[in-house]
Every structure is written in C-alpha cells, then in structure tokens.
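Below is one structure, written out as structure tokens, with a few remarks after it.
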Amino acid sequence: MALLFPHLHLTVPVLATGAKGVSTRRSACVKALAFLHLGCPPQYRLCLLDCLPPTQVLSEWHSLEVITPCNIFRLGVTRINYHLALPNSAGEMEDFLSTQWESTSVRHAFIRKVYLILSAQLAVTFSVVAVFTFVDPVRMFVISYPGIYWASFVVYFVVYCILICCKEPRRRFPWNLVLLGVFTLALSYMAGAVSSYYGTKAVFIAMGVTALVCIAVTVFCFQTKVDFTSCGGFLCIAAVLLMIIGIVTAIVLSFQYVPWLHMLYAAIGAIVYTLFLVYNTQLLIGNRELAISPEEYVYGALSLYVDIVHIFLFILQVSGAATE
C-alpha cells in the first residue's frame, strides 16, 4: 500500500538496513518531513511505501491534523522510496537534505531581516507624515517652502538609482544601510509634504486602507500557489501606461481640476502598485520561478517600502478628492 502526499515536497531514498540503518533512515526522514512547514522546490514529492500495519494507517491517518515525524513513525513507516531523479546514494541524499535545509533557514532569516528593516522604514515615514499633518506650524512651514520638497526628490531619485543599479553599494555594509536611511528620510519628507496638503480625515483613511491592503497582500502571497513572479513584463507595461496616464491627467488638470479624473488616475495607480507589492513579496518569499538572493536584503526592503509608500500616496489622493 502506498500513501502519496502531494503537499510534501521531497523524496527520500532507502538508506542502510539493520539497527544502525534504521537510525540513519529516521534521521533523513526527520529532515525531509521538516520541509512540510518550510517548503522546498515544488517538483519533488514524498512517497511513503509499505506502511505497517495498513489498517492502523487508514484508521489513524485522517485523524492527524498535523503531519510530523513523530506521527509518521507512530503509524509504522518501515521503508521510504524515491523517484524523480534525486541523488542515488545515501551520502548524496544527506548532502542534498543538508543543503536544502540550510537554504530554507537562510531564506527565513532573510525574510525576517527584510521585514525588520521595512518596519523601521515605515515607522519613520508615518511618523513624519503624522507630524507634517497634525502639527500646524510644521505643516505651514512645509507648504511655504516647496523647494525642500524638490531637493528631497533629487536625493530620493539619485539614491534610488544607486541602490537599484549598483550591486556593490547595495551589498556593502554599512554603506548600504546608510544609503537606505538617506533614501527613507527623503521619501518620508516627500510623503509628509504631500500629506500636509490634505485634511486629517483623508490621511487617516489612507493610512488605514494602506495597512489593510498590505496585510491582505502579505497573507495572500504566503498562502497562494499562484506564481506572480513570471508577470514582470506585464507589470513593466502597466508601469509605462500609468506614467502616460499620469502625464495626460496632469495636463488636463492644469487647465481645469476634474475630481473624478483625479480619483480615477489615483485608483489605477493604487491598483498597479498593489500588483507590484504582490510581485515583490513573492520574490522575497522564494519557492517561485524567480526569487531575490538572500544577500539582497536592502533591495528587498527597498522594493516593498517603495510599493507601500506609493500605495499610501495614491490612496491619499483618492480619499482626499472624495472628502473634498
């Protein structure tokens, strides 16, 4: 009798026999089954054969809510087979399992680091937005001196080009974090300056909706099996179209302000950057056609941060036009 588990992503070969072989086999199986929670390349399947006794397996298997190595051995797994062109020897398989286990641990550490940096960036940005919006003297100062906004835009653009185009500054510590900090301050000032032109109600609505969008996108990306990393070309086209629509909208609004046209453009922009957030989140998570290297934690944080801030700014334009 064979039990196939399509949600387990590894195959383990038969190892040595005898008393010592049982220990080795169980050690390999423990490593393999740990991938149930951590994930590995989707082309693999785990196949458990000759489960004894089969009656006990059939009666108890469906009552198991969580598949763990202890549950597997309690059900009497005595032999493990392999397929799909995996390593042919016990030594090669142990190396394969070790490499996959280490790469998964590195990926999880990479994700934690990126989200830690991202949290710090968002804390700075929304603190600046709050001060620029709710403190009237600061708000009036920002509105009175628009030149600071354009200076921050120049800094934002230059540092962004450096971090995106130059691998060495992006990976060299501590200069990568210094550049990321300068970039965060520049974009924070820009977001705060834009927010100062809107009412507090519109800013609150934009913050709340942005938080909900980010949570929904993150949960979706961790749960879905749909691969959005292959949609990079489509997103590039969408970005170009958004830029063209923005230019046309700016020209039209310069002659006469049309609230619904402004809201339409902002809504399209929010949707496009939400798709970018899905794309970049899946690049960060891995286990897809494309993935970000664990060395690129600055790039990962930068991508998510830019997406979230732009989503906030577009939603702010929608809520601002609606409340006005």
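Just so you know, glycine gets a Cβ as well, placed from its N, Cα and C.
Per TrEMBL, the feature signal peptide maps to 1-24.
Residues or ranges marked as transmembrane segment by TrEMBL: 114-135 (among others).
Per TrEMBL, the feature transmembrane segment maps to 147-165 (among others).
Residues 117, 121, 124-125, 128-129, 131-133, 138-139, 142-143, 146, 148-149, 152-153, 155-156, 159-160, 162-163, 169-170, 298, 301-302, 305-306, 309, 312-313, 316, 319-320 of the same chain, all 6+ positions outside the transmembrane segment (177-198), place their C-beta atoms under 8 angstroms from a C-beta of that stretch. Feature annotation from TrEMBL assigns transmembrane segment to 177-198 (among others).
The transmembrane segment annotation in TrEMBL covers 204-222 (among others).
Taken from TrEMBL, the feature transmembrane segment covers 234-258 (among others).
What TrEMBL records for 264-285 (among others) is transmembrane segment. For the transmembrane segment (264-285), the list of distant contacts is 107, 110-111, 114, 213-214, 217-218, 220-222, 227-229, 231-232, 235, 238-239, 242, 245-246, 249, 291-292, 300, 303-304, 307-308, 310-311, 314-315, 317-318, 321: same-chain residues at least six beyond its ends, Cβ to Cβ under 8 Å.
According to TrEMBL, the feature transmembrane segment maps to 297-318 (among others).
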